[in-house]
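First comes the structure, then the notes that go with it.
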Amino acid sequence: MNKIDKLTTDLYGITAEKFSLGRSNIEVVEEMIAAGVKIIQYREKEKKMLYKYEECQRLRELTKEAGVTFIINDDIHLALVIDADGVHIGQEDLPLEEVRKLLGEDKIIGLSTHSPQEAEYAVKRGADYIGVGPIFKTYTKEDVCDPVGLEYLEYVAQNIEIPFVAIGGIKEHNVEQVWDLGARCVCMVTEIVGAEDIRAKIASIRSRL
Ligand code: 3NM
């Protein structure tokens, strides 16, 4: 599968164990995969590296078996040792060009962006996809900026050629607003990992897209 195929999907799942109602990341990812999610990002800011490594080894097996794209948040070493499909980085992480040197052309690099300038610059620098957010208010990410609003999403949908993922405060009840503006891949963290019945929640979200 080439990189564009690996990124072409409607729902982008992210782990967040502290919002997962006592379930492990493994259990949550199993549910997401069973529900047909095709991209999953491992994002755990507070765990020790050895624990993250062990957890990601298992998640890599699960995602590989299911043909699911597996992305690691921030940690380039972890992505390399577990042979993830790529990494997702923020504006204040290592520069994208340096990450590209380490990962090579075959791996996916996603970059969070919050303005048209950052989006244009991400394309120039060779990002494979961008995150666009936070669209709405979110309490999931600690160092997050104020919502960028729907105008920025609309700008990206109309002007940016690479794949993009809308993120931040997106819930089942507002996902249609995001979809209607041209987002074709949406990420909901707490709405999915915090659902009592993850499969039913995903099916219900999908019925609105
Ligand atoms: N990145 P929820 S917002 C991980 O704007 C992350 O770049 C964001 O969580 C960005 O769906 C976010 O629970 C958290 O609001 C999104």
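A Cβ is built for glycine as well, from the same backbone N, Cα and C atoms used for every other residue.
As recorded in TrEMBL, the features of this protein are as follows:
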- 11-192: domain 'Thiamine phosphate synthase/TenI' (DOMAIN)
- Q41, Y42, R43, E44, K45, N73, S112, K141: 4-amino-2-methyl-5-(diphosphooxymethyl)pyrimidine binding site (BINDING)
- D74, D93: Mg(2+) binding site (BINDING)
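Annotated features, which come from TrEMBL, shown on the structure.
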residue: Q41; record: 4-amino-2-methyl-5-(diphosphooxymethyl)pyrimidine binding site; DSSP (3 states): strand
residue: N73; record: 4-amino-2-methyl-5-(diphosphooxymethyl)pyrimidine binding site; DSSP (3 states): strand
residue: D93; record: Mg(2+) binding site; DSSP (3 states): coil
residue: S112; record: 4-amino-2-methyl-5-(diphosphooxymethyl)pyrimidine binding site; DSSP (3 states): strand
residue: K141; record: 4-amino-2-methyl-5-(diphosphooxymethyl)pyrimidine binding site; DSSP (3 states): coil
Quiz item: Max Cα-Cα distance in Å among Q41, Y42, R43, E44, K45, N73, S112, K141, the residues listed as binding 4-amino-2-methyl-5-(diphosphooxymethyl)pyrimidine?
Solution: 16
Practice problem: Taking the Cβ of S112 (4-amino-2-methyl-5-(diphosphooxymethyl)pyrimidine binding site) as the centre, count every other Cβ atom within 10 Å, in any protein chain shown. | Solution: 25
Exercise. Just the binding-site residues from Y42, E44, N73, D93 whose C-beta lies under 6 Å from any atom of ligand 1, please, or none if there are none.
Key: none
Quiz item: Rounded to a whole number, how many Å is the Cα of R43 (4-amino-2-methyl-5-(diphosphooxymethyl)pyrimidine binding site) away from the Cα of D74 (Mg(2+) binding site)?
Solution: 8
Quiz item: Looking at the binding-site residues R43, K45, K141, which one has the fewest other Cβ atoms within 10 Å of its own Cβ?
Solution: K45
Quiz item: In sequence order, what residues of the same chain, 6+ apart, have a Cβ less than 8 Å from the Cβ of D93 (Mg(2+) binding site)?
Solution: D74, V99
Exercise. Restricting to the same chain and to sequence separations of six or more, state which residues have a Cβ under 8 Å from that of Q41 (4-amino-2-methyl-5-(diphosphooxymethyl)pyrimidine binding site).
Key: Y12, G13, I14, T15, F70, I71, I72, N73, H88
Exercise. Return the residue, from the listed binding-site residues E44, D74, with the maximum count of other C-beta atoms within 10 angstroms of its C-beta.
Key: E44
Quiz item: Using a 10 Å radius around each Cβ and counting other Cβ atoms from all shown chains, which of the binding-site residues Y42, N73 yields the largest count?
Solution: Y42
